[in-house]
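Peer 1: Please find one structure pasted underneath; my questions will follow.
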Amino acid sequence: MLLLGCIKEVSDYELVISLPNGLSGFVPVTQISDAYSKMLTKQVAQGELLEDLNSLSDMYSPGTLVRCIVTSVEKSADGRRSIKLSIDPKKVNKGLNASALASGMLLSGFVSSVEDHGYLIDIGVSGTHAFLPRQKAQNYIKAGKRGPDLKIGQNLNCVIVEVKNEGRVVRLSVDRSEVAASLATERQNWTLSNLLPGLVVKARVQKVASLGIKVSFLSSFTGIVDFMHTDPQKSMNYSPDQVMKACILSVHPTSKVVRLTLRQAFLNPGGSPNQLSNDRLGAVVEESTVKAFHKQFGAVFELDDGTLAFARLKHLSKNRKSFKPGAFKTGCKHKCRIIDYSLMDEMCIVSLKYQIIEARFLQYQDVHTGDVVQGKVFALKPIGMQVKVTNVIKGLVPSMHLADVILKQPEKKYNIGDEVRCRVLECNPAGKKLILTLKKSLVQSKLPVLSNYEDAKPGLITHGFVVCAREFGCIVKFYNDVKGLVPKNELSAEPISCPDKVFHEGQVVKVMVLKCEPQQERLLLSFRLSSKPAPEDKKERTPKKKQEVKYQIGEMVDVKVLKKKDNGLKVSVLEDEGNVIASIPTVHLSDFVANCKLLWHCLQEGDVLPRVMCLSDKGEHIILSRKSAVISAVQEEQVVRSFSEIQPGMLLTGYVRNVMPFGVFVEFPFGVTGLAPKVSMSDKFVTDTKDHFVVGQTVIAKVMSIDEEKQRVLLNLKVSECSSGDSAAESFALLNQYFKEVKEIRNLLRRRGEPSMAQGLCELVPGKELQLVVQDVKEDGSALFSGSCVTGLTVTATRYHLGDKNIVPGYKTKALVLHVDALTSKVYVSLREELLKQRAKQVCVHGSQRTPSTLPSCST
């Protein structure tokens, strides 16, 4: 059966379609078009996202009319029917052939390919190539505001502009004005076998009855307009032989019954039916007036705002026995509730049933996190138990939440049909996802529900459940996936050496909030309910000694430099108004060894360093780090917090702790260390380990093996073994970080006490062309240069970088900056012609020299 439908909802895997007479159907993602299905198959086979594969939400939006064909009607266990549809043109237009195509026809098509001058459109007609010129699509694309091009798999209403070679080639248009003006005519030779829903025709009234109107159209066809699809403005004021425009709604293949609509929204192809405002759905109308009653179908009502609504027979009373037809005479008033909206009928769907009017929940939007709900068990599965809250709303109780303790055999406690009282852990109306808990301690809890980080005020006491117990403490989860950490020292008043032996997954616990950072979604908790929470308002804080404040590894703070020491910086934590003192070792100022020395040299007392990470907090000695790679690893949870979490094959980010003749010791965040033996240090042969690594150097290490008995970890530092797969992206990210730090160093240099030299260093960047004079040529073949732009600096070029030039003191030449050593004020340059020519070509292409800020993106 062919139907005209309207998209009601769009999800990742299907389209929900509103159909005539209040019905709904579903189009799976595999029933869009052949081209789209092939791209899906390719993506699944490759196991990675395709750039030109757009999601359904990118191409479709609620309110769009589409032609559908029914592929199956399935009956669910609860007796509800599920209508499966397809909008694939090969199925919708299967009655058409190439010889039947004619100019002016309005067809459904899908973009199958994007070409230089237009688009290839799949209209589902075998042997026909349909082309949409780009100029015929421009107005449609601009109105859609979904990018500069149509997308593969996108549904289109197309008008045939030209037919060539007996229908083997057709030219199309999707111009909105042309589509809206299209009208099916006798000259297009439509037949009952290829008649399509969505066609607008001129219809003549043959007979007017209470349930609808019988009409004729296209000379030889007859059809029915039922009472829900007459024009509400004209009501039943139609007379025989009256001619008007009508739109075909459905074509039944066996009975040959054609149904049409006279509603204005459908009489211009490409239009969209009226929609109901969201605040009306679920509303209770105290007095709705009966406009018409049809004993076989139901009743039409006029609501308090003048709109029309329809109630099916089963929704007019509690059951058939209590139904009284006399109560639905025209003008009678009833209390009802809006339970749905039919886009295709442009009518609210209402119910007069008392239990629905008084129902607490009607749709997923009515359910809120923390609500206690009643439901019925309707399925037991390995992942948990499915519960029906209403006929529409269903939820899942994960296995962990079937009871206060983990149930090994839940089927012995619960049976299908059991009434259960649950609490909502998470509700996502858009995805129709409802997660529930049956843990009595949570269901019966009178404490506040913690469902977002903003509500986690210090001192708040609430219930949660343990999701992880490790050596570092416990992670506790609340509602809406809010979670926090209970560090080891806050687990109990007495020391607990092995938290995993005291606490178990799923255990309901009472906790107190100590500290919360909503923007970072970080939450610090305590099981010691008598503990005093950290004051939230910094203005109310009283000065305290640094050792009273505990920082968690991975916590980000802003600091101010107090003093420069030989091995690093002494800093104060700004969050605690300078009361907490910490240190940043020189090797932890950057991932890059050269930048570490430069930053230490350039930083001065009073400088502020934002977003520095706590690396360790041992009482009075707090160590911080600015290594961006280490910080990213901690924030993205690509770390191990204890020896027990380490697995062979893991790639971990750490830093060199010690370099020994036999290998390199690497330390990772949270204190885990490992050894990379000499043979596993480099892809090259290693004679002296100190030639390859220095203390503090950031490294990515691969775990080779672990010895649990001796608590030893063997690592591999070979570059060939330690790539995560996308080595190019990793390299460019590191390069980008390096140049960001170089830019930061230049800004610091500008504030130092030697303005002329500092300014000169800042302006010299790799790739810059200079005019220099040869000052001296050394015995080894290298040369020294001078120039107004390098006053006070040592400028040198090695013999290799002099190229073929035969230079002598006083010789004037162009040179290219290769490297600037700010610590020694040395500048290394090159005179080689191939580099200078390449630089000249860049200047021609880009119009000006690259600035330091654009260096990371340079591809040359």
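Backbone N, Cα and C atoms are what each Cβ position is placed from, and that goes for glycine too.
What TrEMBL records for 1-88, 104-175, 198-263, 282-353, 370-439, 459-528, 649-718 is domain 'S1 motif'.
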Peer 1: Per the 3+ Cβ pairs under 8 Å rule, pairs at least 6 apart in sequence, do the domain 'S1 motif' (370-439) and the domain 'S1 motif' (459-528) touch?
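Peer 2: Contact criterion met.
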Peer 1: Summarise the model's confidence over the domain 'S1 motif' (459-528) as a mean pLDDT value.
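Peer 2: Averaged over the domain 'S1 motif' (459-528), the predicted model reaches a pLDDT of 89.
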Peer 1: In the domain 'S1 motif' (370-439), how many residues does DSSP put in helix, strand and coil?
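Peer 2: Helix, strand and coil residues of the domain 'S1 motif' (370-439) number 6 helix, 35 strand, 29 coil.
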Peer 1: By DSSP, how many residues in the domain 'S1 motif' (459-528) are helix, how many strand, and how many coil?
Peer 2: 10 helix, 35 strand, 25 coil
